[in-house]
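K.L.:
So TrEMBL has the following annotated:
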{"type": "COILED", "residues": "230-264", "note": "coiled coil"}
{"type": "DOMAIN", "residues": "474-528", "note": "domain 'PAC'"}
{"type": "DOMAIN", "residues": "560-693", "note": "domain 'GGDEF'"}
{"type": "DOMAIN", "residues": "702-955", "note": "domain 'EAL'"}
{"type": "TRANSMEM", "residues": "30-49", "note": "transmembrane segment"}
{"type": "TRANSMEM", "residues": "61-81", "note": "transmembrane segment"}
{"type": "TRANSMEM", "residues": "93-113", "note": "transmembrane segment"}
{"type": "TRANSMEM", "residues": "125-146", "note": "transmembrane segment"}
{"type": "TRANSMEM", "residues": "178-199", "note": "transmembrane segment"}
Amino acid sequence: MDRRQRRRNFELPQNAEQLKGYRALYYYRAFQYLFLAFTLLIFTINLIINFDSFSVTTTLWGFLTTITILVSLLINQSLLLEPPSKPRTVPTYLSISALLNGILFAICVTFISNHLEFNADHTHIEMLTLVLSTVLILHVASLVLLTHYYYVFLAFFVPSLISLLSLNEITITQQFTVIDFASFALYGICLVILGLMVYRRRSDYYVLVVNNQRLDTDNTLKTTEIDLLNTELSAEKQMAINIREELETNNVLLEQKVKQRTSDIESIHAKLERSHQNLEMAHETAGIASWDWDIAHRQIETSNFPQIFGYNIKNMTHYLTHLNDFIHGEDIDHVKTQMRRHLRGLDERYEATFRVYHPTERWIWVHDLGSVTQRDPVTKKPLRMVGIRRNINNEKKAEESLKLSASVFKKAAQGIFVLDDKLNYVDVNPYYLNLIESTEDQIIGRHVFDILKSSNIDSQRLNLTILRQLMSTGEFEGEIVEELQSGREIPLWMHINGIRDNHDKITQYIGIVTDLTERKASEKRLSYLETYDTLTDLPNRTYFNNLIHSYLTESPKLLNRFAVIRINLDRFRYHNEYLSHHGGDELLKKVANRLRRNNPDAVVIARLNADDFAMILEIKEDIEEIKDSCKKVLESFEAPFHIQNKELMLNVSIGVALYPEHGRQMDSLNNYAEQALLEAKRIGGNTLRIYHNENRLSTAARINLEAEIRRAITHQELSVYYQPKINAHSQTVHGFEALVRWNHPERGVIPPAQFIPLAEETSLITDIGRIVLEQTCSQIKAWENMGFADICVSVNIVVQQIQRGHLVTEVDEIIKKSGIQSHQLELEITETSLMENISEVREVLSDFHKRNIKIALDDFGTGYSSLAYLGMYSFDIIKIDRSFVSKIGQANQDAIVRAIIAMAKAMDKQVVAEGVQTQAQYDFLTAEGCDFLQGFLIAKPMPSDLATEFLEIKRLDQNAHRI
Ligand code: C2E
Ligand code: MG
Ligand code: MG
């Protein structure tokens, strides 16, 4: 685009115009100062050159010009200070002022040329040069300073240029040439063109300046904007960073939270799983099954059904349908009604107890509980129902059992009470209330002993015993006599048992009380019949023997010394026959009464048999008092008896044995008393005899004998004699009984009766027993070696051996040492030994039994409870005492022996008869089925060598018989 066109298109902006005006004013002011300087120069020149002719005009001009310049400067200054509102004011002012300056300059030049014309001297050229230089300077200055507006430049330039033509006058002498004019014209044209060019450059410059300014402003604005934007951007960037960091932090937190949540969810899940399993287990353990009935979709889900009920209802579509198949016919209506009521919303929940069929347990009781969990919001129809079913069979059974217990409790024919842990009554049954004559209100909450009178010290002591026993063992059982508040005493059998909780702490006591009043009465009656003689009302033989037994065995001893007194009526048989049966009985009654009346100090007076009476008297000081008492008995019979209007004179014989002088065993004492009685009878009756055994040893003799036995044991003076026992049926030797003998160096062979009783009282019996066992067993082995293999030897033992030694181990050792078979050895124990320590003896005997060692009950029939022993212990053999055997052939005695044999057979026991002395006895016993026979008839006890001979002879006999 060319400049002209650009100018056309480009209209100067207002502020550019103002800037140009402003600059033009500044430049013009400079031009004014220059023009003022020119004016002052002119003045100066005027003064120097020719003041007179020139000065007036010049001075006028000078003044006028100076004033013009000053006025112009003032206008200029005011315009600078306050820019004019009209845009054309400045160029107009500048044009006018420039024109005035041009005119004034032209005038000045004209003056100067006129002056030079009149003063053509040597200074002429110099002046001209000066003027031209001045003109040139002003022209150049106008070119530089006035070209903001072209016409302002022209306003000054044109008059000033024209004024130069006046200089032609000066050249009269030196006329202008064409060249001069041409130079003048060229100069003028050049400056006009230059002025135009400068003006245009300037105009362009201002446009550029303004544009620059605008651009600058724009630039500044843009920069500010950019800065603002930058600030905003960096703020936003920072914000973005912050947000990013925040986001990252949040992300991390979120991740952590997610992890946390995941772990929480997992743990909750695990917990839920555990809870679920626990619940299932609890359900299973508690016998609970759950069901979930989706009524809308006709589906039923169950858990634990097969385990608990043995069936499942999974494929059922309706809950009630399955019940038809399993439920008990009697319960079905109830269940259906309950279910329907709940489904219709009549009941808050469904609950039913009924029986279902179980494949193995038949009918079991179950409890069903359910509830609708979802209903149609509009129609209210049930959509879903859940519930549980529980096996309550055990509870039902427990309930029934409780009912039964309650009924037993109420109706029991025994008193039952329940106490708390402090022994206060909690519950009692009617029987108990009736028994203790109380009402429920009177005893519930009261202490067990409070309701009793317990007035005497014994009942208080008993209460204390019960209390102590309950505290220590939690149990009390025993017979007691309670004194009721009414003062009545009742015998009771009371059993109180502590009921313990899981920590083994007693929480309650249950007591069962049996009223023994009836039983006591009947026991009393029975015991009376058993122990009393109904004819005379005196204790009988059993009572009498039991009493002696208790005095002998109990510790501490109630009686340290006593006399066993046997009293027998002389010639009673004669009186009895005379008085007839009734009279005899009456006589016996009167005898009993007389004995009772005259012997108040007697411990007991008993009727043993027919006319046999007995008495026990305590010996307080010496035997004389016993004698006196017995004499009084004899004297009391001096008075006659009146029976059936008959007067009878009766005498008695008395035999006395003393404890402990004559013996320490009941049998011995009875025997000795009987012997003394027989002695009294033998010498004619109506007299008293005290047992006196010449052979009995004094204390000193006993001590001496004990020492001698010890010596005998160490000197091996004891040997075993063997008495054969033969088989009653085959007449072969069954074996022997080992009987100890003492080969005294001075007194010869001493029988066991003389040293065994003393040995029994000391530990010597153990040593003797061992010696006999050892000798016997080695003898059995010796016989076995000789070819007598089946020989069986019995050894006597006493209970002291069992108590004092270790008999079983001793026998084991000896059998082992000798090398015999245990069945080759038999043991004999006498009835009298068995009276004490029943359980210990029973245990030892059963140990022997286990070892295949047979046990024989020796001297059977001599004790006072022979039959009882048979039941108590397990014997294999019964040895009939020789006292029975010796009486075979006498009235009733045969029957006794026969009965013993029959009884032994019935009990599957072997029978040995000892003391067989006659062929009659032999035949009788064989005929009755006695298994083995022993006695002098067969052989006396003999030393081992003779026993061996006996065996050999018997073997020879046997062989001879066979041949
Ligand atoms: P026992 O056990 O009843 O022994 C049988 C006793 O009767 C033996 O007396 C025996 O000689 C005797 N006897 C056997 N047949 C007849 C007969 O036909 N007529 C008569 N009158 N008597 C006969 P022994 O040997 O004097 O023994 C007496 C008691 O001494 C034994 O009675 C037994 O209880 C005891 N005894 C013997 N040896 C021992 C022993 O080693 N230890 C123990 N603890 N007591 C023994
Ligand atoms: Mg014997
Ligand atoms: Mg015997």
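Each residue, glycine too, has its Cβ placed from N, Cα and C.
Source: prediction; values computed, not measured.
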K.L.:
Can you work out which residues elsewhere in the same chain, 6+ from the ends of the transmembrane segment (178-199), have a Cβ less than 8 Å from its Cβ atoms?
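P.N.:
Residues packing against the transmembrane segment (178-199) from afar: 139, 142-144, 146-150, 153-154, 157, 161, 164-165, 171.
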K.L.:
Could you tell me the mean pLDDT the prediction assigns to the coiled coil (230-264)?
P.N.:
83
K.L.:
Residues sitting near the transmembrane segment (30-49): Cβ under 8 Å, six or more positions beyond its termini, same chain?
P.N.:
55, 58-59, 61-62, 65-66, 69, 72-73, 76, 97, 101, 105, 108, 112, 115, 119, 123, 127, 130, 134, 137-138, 141-142, 145-146
K.L.:
Taking residues 6+ outside the coiled coil (230-264), which of them lie with a CB under 8 Å of any CB in it?
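P.N.:
Distal contacts: none.
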K.L.:
When the domain 'PAC' (474-528) is classified with DSSP, how many of its residues are helical, how many are strand and how many are coil?
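P.N.:
Reading the DSSP string over the domain 'PAC' (474-528) gives 12 helix, 31 strand, 12 coil.
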K.L.:
Per DSSP, what is the residue tally for the domain 'GGDEF' (560-693) in helix, strand and coil?
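P.N.:
Counting residues per DSSP class in the domain 'GGDEF' (560-693), I get 58 helix, 38 strand, 38 coil.
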